[in-house]
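Asks: Pasting the relevant annotations from TrEMBL:
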type: DOMAIN; residues: 48-295; note: domain 'G-protein coupled receptors family 1 profile'
type: TRANSMEM; residues: 32-55; note: transmembrane segment
type: TRANSMEM; residues: 67-84; note: transmembrane segment
type: TRANSMEM; residues: 96-117; note: transmembrane segment
type: TRANSMEM; residues: 145-171; note: transmembrane segment
type: TRANSMEM; residues: 199-226; note: transmembrane segment
type: TRANSMEM; residues: 247-265; note: transmembrane segment
type: TRANSMEM; residues: 277-297; note: transmembrane segment
């Protein structure tokens, strides 16, 4: 009897060769419309971020710390989009929803890595130094410091992606390999685990919340000092001009962390798997789509450099 039970546990706790992503199969009537919509947003995201990177690289007037951080943000958004959207689009085509075990682990790793390596925090630090310590800006934000800050944000994202992926994929998975999502996300994968899923979910939530709240609090601290500095300015024109230099960054911060809070702070939602996938679209597709548009429209120097490059 003991041998039979042990054999049953071994049979149920197998390492799967692959998974099947259900994606948006809960909404069969919306498959074509979602494919067209997501493809359009994907193309705009790729084009927008690529244009920002090229313009910053070509125009010497944009070789400043602020635009270096913006280029790093656009690069991470590009990589993040590539790690999720192509597979999501293929999942909207019948018969292409399978993903191998290694491919699923790789997608999870890169989605967390590039999702958490964005440079919004260091961009907030750059704005803080530029507004609160303008005379010391060139000594505090040197090219070496800029590179160190970007590398640190990338290493932090890579470490988080590695920890989350190792924590999830060391679990034994049961024979049901159907992931109720459009990419290899943590919650639906943990539902397939035979044991240890709750503990890993707690660890992953702690890691993600620590990273999100830590970065967000640093940005809030930067803007608390910036707001104090702006309120000390005597003229309304000066206050408006100073605040306008932060407007695009602040708008992207609101979009990023607003959508992230919807995804990571919703807890145990009573929504169905299809509704949960639609909620996660806000962070995985909508946020990367809006970021280049906001920066392109709000940054006068970037718009000027773009039109200059187009004329050439």
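Any Cβ shown, glycine's included, is placed from N, Cα and C.
Keep in mind that TrEMBL annotations are predicted by a computer and have not been checked by a curator.
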Asks: Does the structure show the transmembrane segment (199-226) and the transmembrane segment (145-171) touching, where I'm treating 3 or more Cβ pairs under 8 angstroms (sequence separation 6 or more) as a contact?
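Replies: Between the transmembrane segment (145-171) and the transmembrane segment (199-226), which are separate recorded stretches, there is contact, as judged by 3 or more close Cβ pairs.
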Asks: By a Cβ-Cβ criterion of under 8 Å, what residues six or more beyond either terminus of the transmembrane segment (96-117) are in contact with it?
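Replies: Same-chain residues near the transmembrane segment (96-117) but 6 or more away: 15-23, 25, 76-77, 79-80, 83-84, 87, 90, 153-154, 156-158, 160-162, 164-165, 168-169, 179, 183-186, 189, 211, 284.
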Asks: On average, what pLDDT score does this prediction assign to the domain 'G-protein coupled receptors family 1 profile' (48-295)?
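Replies: PLDDT averaged over the stretch: 85.
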